[in-house]
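Asks: Below you'll find the structure I mean.
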Amino acid sequence: MATNENLPPNVIRQLAKELKNLDESPPEGIKVIVNDDDFTTIFADIEGPAGTPYENGVFRMKLLLSRDFPHSPPKGFFLTKIFHPNIATSGEICVNTLKKDWNPSLGLRHVLLVVRCLLIEPFPESALNEQAGKLLLENYEEYARHARLYTSIHALKPKNKSKSGAISESTTALNVDQSNTVLSENTQLASVLSTSAAAKALSANSQDQNAALSDPVSGASAAPRPHAAKVAVDKKRMDARKKSLKRL
């Protein structure tokens, strides 16, 4: 069984630093699974990028590091079955970064990002899966249909993003409950205000009629305006709503 003993101390230190960085600041759509006892095999879950046939799927892959890493590139394999020109049916990944374009200065983050970018932009010219490569060049819709089918059957389903996602969901639920409470309070308040407004309107009507009987000219100018009464009620409703929202 491979362990960290297979790697030189300086490589172990470098990998420990990289893996810590990946854990604290993961690349978008990639989750690295770390085994502290064995840095020679690194697993990662890659989310299918939006707008591709791999969307709504999570694909597990692994990188195998040799003893002379980083002088030689890691070998990459998809453990989740995927229909892709640059990924063989055995799971082997064909990308120049892991072959002729490898540079010892390239870190694991770069490798993982390149693999995810491969899901966005395949290279059918260097296909390991000839069927996928041919379909991509000749009939994209058919290629996409095959890729979506594989994704729906074999890919893992996305989970909650993180703890912050759970907190967001809880907060949303709490806000819904509070909104319902505020809505209920506002409904009751509106009912009370409506009753009060009706009473005021009735009183204003009576004053209108009395003023009109006693002095038609001055009564017309002194009577309360229904519009002004409505504005006052609306203002009270707005003030009540603001107070309710401040409690959230």
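These residue numbers are counts, starting from 1, taken along the chain as shown.
Here the Cβ of each residue, glycine as well, is placed from N, Cα and C on the backbone.
Below are the features listed in TrEMBL for this protein:
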type: ACT_SITE; residues: C94; note: active site, glycyl thioester intermediate
type: COMPBIAS; residues: 238-248; note: compositional bias 'Basic residues'
type: DOMAIN; residues: 10-156; note: domain 'UBC core'
type: REGION; residues: 206-248; note: region 'Disordered'
Asks: Does C94 (active site, glycyl thioester intermediate) have same-chain partners at least 6 apart in sequence with Cβ under 8 Å from its own Cβ, and which are they?
Replies: N86, I87, A88, S126, A127, L128
Asks: For the domain 'UBC core' (10-156), what's the model's average pLDDT?
Replies: 94
Asks: Using DSSP, what's the helix, strand and coil tally for the domain 'UBC core' (10-156)?
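Replies: Final tally across the stretch: 58 helix, 27 strand, 62 coil.
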